[in-house]
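**Q** Relevant sequence annotations retrieved from TrEMBL are reproduced here:
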COMPBIAS  1-10  compositional bias 'Polar residues'
REGION    1-25  region 'Disordered'
COMPBIAS  62-81  compositional bias 'Polar residues'
REGION    62-91  region 'Disordered'
TRANSMEM  107-127  transmembrane segment
TRANSMEM  139-163  transmembrane segment
TRANSMEM  175-196  transmembrane segment
TRANSMEM  202-219  transmembrane segment
TRANSMEM  231-250  transmembrane segment
TRANSMEM  256-276  transmembrane segment
TRANSMEM  288-309  transmembrane segment
TRANSMEM  329-353  transmembrane segment
TRANSMEM  429-448  transmembrane segment
TRANSMEM  454-476  transmembrane segment
TRANSMEM  488-508  transmembrane segment
TRANSMEM  514-536  transmembrane segment
Amino acid sequence: MRSSISQLFSAATDHDAGGRNAHQLQTAATPTQCTNGYAGHSGSIKDVSKTDWNSRLGDGTAQLNGTLGRGTSETAETDSSGTGGMRDALEGPGSTQNDIIHLKRRVGLFSGVALIVGTMIGSGIFVSPSGLLVRTGSIGVSFIIWMACGLLSLLGALAYAELGTMNTSSGAEWAYFMDAFGAWPAFLFSWVSTLVLKPSQMAIICLSFAQYAVEAFVFECDPPLGVVKMVAILAIVSILFVNCYSVNLGMAVQNVFTSAKLIAVLIVICGGAYKLCQGNTQHLQNAFSGATPSLGAIATAFYTGLWAYDGWNNLNYVTEEIQNPSKNLPRSIIIGIPLVTLCYALINVSYLAAMSPTEMIESEAVAVTFGNRILGVMAWLMPLSVTISTFGSANGTLFAAGRLCFAASREGHLLDILSYVHVRRLTPAPGLIFHSLIAGAMVLYGTIDSLIDFFSFTAWIFYGGAMVALIVMRYTKPNYPRPYKVPLIIPILVMVISGYLVAAPIIEKPQIEYLYAVLFILAGLIFYVPFVHYGYHPKFMGK
């Protein structure tokens, strides 16, 4: 089976001048036979020790701000196959024998900000305000939690900026766990994130997209569940095609949809300002009336708010593709996350200027209710805005998820075929397809509420682990180059809050789902020991 596939896929592992693992095309027959194929990692699943990983990374000084891969232009050129045809302008120039294949640095500052903002502003702000009010019972407390979630996201992202400029490999937490702890914690993260976290995030966003898209064509009844799920599947397929076709096309889509959703946010803010100017401030008075929420209720309210902010670390998954990452990574974070926090604060005030807290709680689509109150005959703009917002968020989520799969499989922690990169388009297509298939299965068999609860609990275990990794490396690698460095109190604070967010709901209201999540994480060791640590290779996967 592998011998027949090798005619289309070829792979080898090599090291570039900076010591990083590179993907080098080794043609099976002639170079032209691989111009439409993929280059990748041909070894079996294997253990990559902490020492080996660090030796591959080098001392961190080589190619820190350099360009991985070839300096290809995005202009049309003659196909190297000799047919004389013109290649797509979004492709690279094809492969030549012994050519090193990399993900190319194509993400600049604007695209980095667009990836953060476009991924963070999805469906959460249009749905979550009512959930926060239910769990806190107070307008004032819910507003404080909204702001606290933004501050926590910013602090976490600044800590990630230090990690991302120390190690500019793609993969985010996976790469940082390899640096700080070694192979098996990194494998557990890739195990959970690849099979659950990233696909569930994609599924949640696409279900929200489909819900709002279908509602525009349904009157006086709820949209059929089957239709909603089919539209969600179509959204996943469309986003998959965009991201497999070209990195430039994927980022262009992200930039356009981010700009469109910021216009939608501006419409909501302007509508709220108009109502405030009319004197509609009664719902903002006595903001802290009501019972004080318990610590467990506050933690679950944070889950709801943090879901709206999730995506603050997505840029770290694509650091191999960021131009000048030591500068553009922290700059994108410092611009993007405060912008999102400001938008969320103004949107919440706008909602309360147009409707009461009770009306917000009873509304299943707060943004749509707001549009009906404010926009009149133009109320259709709000469902359209939500569909645009969620589609852009899903695009950014898949863009980042494919890079995690690529990075982990490149080092032998996942199936080697998932590390393949198209030799001309330079996209990690197998990883993107793999994530999309799992997300599609979750869409067909899951619900939004159950997916959000599992995602939030599990994700903050690893966010806290990344803070521990940063603290550990401050002592184990004190002289490692750090182009951007945060005060040590920031990762310590985020680590403590992460522990609270994980422990408080379990103590307040134990649920069997939390046990399932922990067991699933630990179940990764069952696969790690034989297949990665000992390198067992099943016969059906043999050459």
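Just so you know, glycine gets a Cβ as well, placed from its N, Cα and C.
Given the structure is predicted, the values throughout are model-derived calculations rather than measurements.
Neighbours and distances for these, please.
**A** For the transmembrane segment (107-127), the residues of the chain that approach it from at least six positions outside its boundaries are 153, 157, 204-205, 208-209, 212, 251, 254-255, 257-259, 261-262, 265, 307-312, 314-315, 318, 321-323, 328-329, 331-333, 335-337, 339-340, 343-344, 347, 365-367, 386, 389-390, 392-397, 399-400, judged by C-beta separation under 8 angstroms.
Within the chain carrying the transmembrane segment (202-219), a Cβ under 8 angstroms from the stretch's Cβ atoms is held by residues 122-123, 127, 227-233, 235-236, 365, 368, 380, 383-384, 386-387, 390-391, 393-394, 397-398, 401, 435-436, 439-440, 442-443, 446, 448, 451-452, 455, all 6 or more beyond its ends.
Long-range contacts of the transmembrane segment (231-250) within its own chain (CB-CB distance under 8 A, at least 6 residues past either end) are made by residues 74, 88, 90-91, 103-104, 106, 202-203, 206-207, 209-210, 213-214, 321, 391, 394-395, 398-399, 402, 422, 425-427, 429, 432-433, 436, 439-440, 443-444.
Outside the transmembrane segment (256-276), and at least 6 residues removed from its termini, the chain residues within Cβ reach (under 8 Å) are 114, 117-118, 121, 343, 346-347, 349-351, 353-354, 367, 370, 374-375, 381-382, 385-386, 388-389, 391-392, 395.
Below 8 angstroms of C-beta separation, residues 109, 112-113, 115-117, 120-121, 125, 129, 139, 142-143, 146-147, 150-151, 153-154, 157-158, 160-161, 164-165, 262, 265, 268-269, 271-273, 275-276, 280-281, 283-284, 308-309, 312, 315-316, 319, 322, 360, 366, 370, 484 of the same chain, each at least six residues beyond the ends of the transmembrane segment (329-353), sit close to that stretch.
Within the chain, the transmembrane segment (429-448) has long-range Cβ neighbours (under 8 A, six or more residues past its boundaries) at 38, 40, 194-195, 198-200, 202-204, 206-208, 229, 232-233, 236-237, 239-240, 243-244, 398, 401-406, 409, 417-422.
With a cut-off of 8 Å between Cβ atoms, the residues of this chain six or more beyond the transmembrane segment (454-476) that come close are 156, 159-160, 162-163, 166, 172-173, 176-177, 179-181, 185, 189, 192-193, 196-197, 200-201, 204, 303, 306-307, 310, 313, 488, 491-492, 494-495, 498-499, 501-502, 505, 513-514, 517, 521.
Only residues 6 or more beyond the boundaries of the transmembrane segment (488-508), in the same chain, are considered here, and those with a CB under 8 A from a CB of the stretch are 152, 155-156, 158-159, 294-300, 302-303, 306, 456-457, 460-461, 463-464, 467-468, 470-471, 474, 514.
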**Q** Within the same chain, where does the transmembrane segment (288-309) have neighbours whose Cβ lies under 8 angstroms from its own Cβ atoms, ignoring anything closer than 6 residues to its ends? I mean 6 or more beyond.
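**A** Sequence-distant neighbours of the transmembrane segment (288-309): 120, 122, 124-125, 128, 131-132, 135-142, 145-146, 148-150, 152-153, 337, 340-341, 344, 452-453, 455-457, 460, 500-501, 504-505, 507-509.
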